[in-house]
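Asks: What TrEMBL records for this protein is below:
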{"type": "DOMAIN", "residues": "26-455", "note": "domain 'Major facilitator superfamily (MFS) profile'"}
{"type": "TRANSMEM", "residues": "28-49", "note": "transmembrane segment"}
{"type": "TRANSMEM", "residues": "61-80", "note": "transmembrane segment"}
{"type": "TRANSMEM", "residues": "92-109", "note": "transmembrane segment"}
{"type": "TRANSMEM", "residues": "151-174", "note": "transmembrane segment"}
{"type": "TRANSMEM", "residues": "180-199", "note": "transmembrane segment"}
{"type": "TRANSMEM", "residues": "250-276", "note": "transmembrane segment"}
{"type": "TRANSMEM", "residues": "288-309", "note": "transmembrane segment"}
{"type": "TRANSMEM", "residues": "335-354", "note": "transmembrane segment"}
{"type": "TRANSMEM", "residues": "360-385", "note": "transmembrane segment"}
{"type": "TRANSMEM", "residues": "405-423", "note": "transmembrane segment"}
{"type": "TRANSMEM", "residues": "429-449", "note": "transmembrane segment"}
Amino acid sequence: MVVLDWDGPDDPANPYNWSKGMRIYHTFIPAATALVCTTGSSIITPALAEIQRDLHVSREVSLLPFVLYTLGLGAGPLLAGPSSENFGRRRVYQVGMTGFALFTLGAGFSTNIASLTICRFFAGVFGSPGLSIGGGSLADLWAPHERAIPWAVYVLSPFLGPAIGPVMGAYITLGESWRWTQWIMLFFVLAVLLPSFAMKETYKAKILQQRARRSGEESIEPQRTRRQAFHDFTTKILIRPLHMICTEPVVGLFTLYIALNFGMLYAFFAAFPFVFAEAYGFGIGSTSLTFLGLGVGSMIGCASIILFTRVSSQRRMARAKETGQSTGSVPEERLYVAMVGSVCLPVSLFWFGWSVQERVHWICPVIAEAVYAYGNILVFSAATLYVNQVYGPLYAASATAANSFARYTFGATIPLFIVQMYTALGVGWASSLLGFASLAMLPVPWVFYKFGPTLRARSSYISSP
C-alpha cells in the first residue's frame, strides 16, 4: 500500500503553505462558530422569567432550554469529531451551522416547553463543531511555533460568548419578547455560514484523498469498511476516552478540574439574576451588564497568554542560541499560566460571595467575577495545550472528547440547583462551598508541573506507537 502524503515541504495544497490572509480567514470560521454557539447558550437566560409566564411553567422547568442546550454542546463533539475525519472539516462546519439555524428558528416558534427544550438541545448539538474540531482546524493551518496568537483568539471565543449573550438577551427581551432572543441568532449564524461556503478543506487526510481521486489514484489507499469505521468510532469516542480518564491522571484530573470550572461558570447565568436582584435591586438590564465582567476577565486572560507565550518563546530562543540546543519546550512549561489561574479561581469565589453577602458596592463582585474568568481561561488554555503536547494528535483527540463532554455536562447540571443553594445557604456560604471545591483542585497544575515527567514516563498511551 502506498501512503498518501504531501509532495514535499512546499506543497501548495498543504495549509501550512497557504497565504497568511487565507489562513486567518480559515481561522475565523471555527472561532466565530464557537463564539456564536456559546452566545446562544446564555442569550436566553434573561428571558427565563418571561418564558415562565408565557409557557406556564415553574422556575426550575424554565431552566431546561438553557440546560439542555448546554448538554447539547457536550454531546455534539461525540459526533462532530469522527464526522470531520470521514467527511472533512468544511462539510461538518456547514452542516452544523445549517442545523443550528433551523433548530434555533424552531425554538423561536415553539409554543410549549417541550418543543422549546428539544429544539434548543439539537441547536446545541449542531452548533458544537466550532468547540470540538476548531482546535484540529487550527492545527491544520498553523505550524506549532505559529499557533500562540490564533490559539489564544480561538480559546477566547467560548469564554466571550457566554458573557455577551445575557447583555443581548436582556435588552432584546425588554424591547421585544423572549422569542427574538432565538431569531436574532440567525443573523449571526448567517455571518458564519455564508463565509464557510468559500472555505477550502484543511484536514490533511481529506485533502490527499480528494487529490488522489482527481488523479485517478484513489485505489492506492483502500477505503475503510463500515466495520472498521464503527470500530474507530467506538474506540476514539467511547472506549478510549473513558479508559484514559480512569487510567491517566493527567486526563482524569484535568477533565474534572476544567469541568468543575465550567460548571461554576454556567452556574453564574442562573445565579446572577437572583443574586443581583436580591442584594442590589437590579433589573434585567442592569443584571445583564454585570456579565461583562466575565468578558473583560477573559480578554485580559487571553492577552496574558499571548504575552507569556511570546516572552517564553524569546527566552527559549536566546537560551538555544547560547547553548546551541533545540528551541523545543517541555510540556510542563505550559503549566505556568495554569498555576496562576488556579490561585485566582478560589480567591475570586470567596471574594464574590462575601462581598455580596456584606452588600459591598456592586462593582466589587463584578471585579471578582472578572478574576474568576481570568483564572478560568488560563487554566483551560494551559491544560488543553499540555494534554495536546503530552499525548500527541492521536490520543489527544480522545482526551479532548472526554473533556468537552464532561465540562458541558457539569455546565448543564450545576445551574439546576445553584439558586436553591444560594437561597438555603446565603450567597456568602454558597459561594464559599464552591470556593472550597475549587481550592481542593488548586494543586492539580502544580502537581503535574512537579511530577509530570514521571507520569509521562509511565503512560502506556505516550510510550505506545
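From the backbone N, Cα and C atoms, a Cβ is placed for every residue, glycine too.
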Asks: So which residues does the transmembrane segment (92-109) touch in its own chain, when a touch means Cβ under 8 Å and the partner is 6 or more beyond its ends?
Replies: 29-30, 33, 36-37, 40, 65, 76, 80, 83-84, 115-116, 119-120, 122-123, 125-130, 133, 179-180, 182-183, 185-186, 189-190, 192-193, 196-197, 199
Asks: Under a criterion of three or more Cβ pairs within a distance under 8 Å and sequence separation of at least 6, are the transmembrane segment (151-174) and the transmembrane segment (250-276) in contact?
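Replies: They do touch: at least three Cβ pairs between the two stretches lie under 8 Å.
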Asks: Between the stretches 250-276, 335-354, 360-385, 405-423, 429-449, which one has more Cβ pairs under 8 Å with the transmembrane segment (288-309) than any other?
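Replies: Looking only at 250-276, 335-354, 360-385, 405-423, 429-449, the most contacts with the transmembrane segment (288-309) come from 360-385.
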Asks: Compare 28-49, 61-80, 250-276 by their Cβ pairs under 8 Å to the transmembrane segment (429-449) and return the stretch that comes out on top.
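Replies: The listed stretch sharing the most Cβ pairs with the transmembrane segment (429-449) is 250-276.
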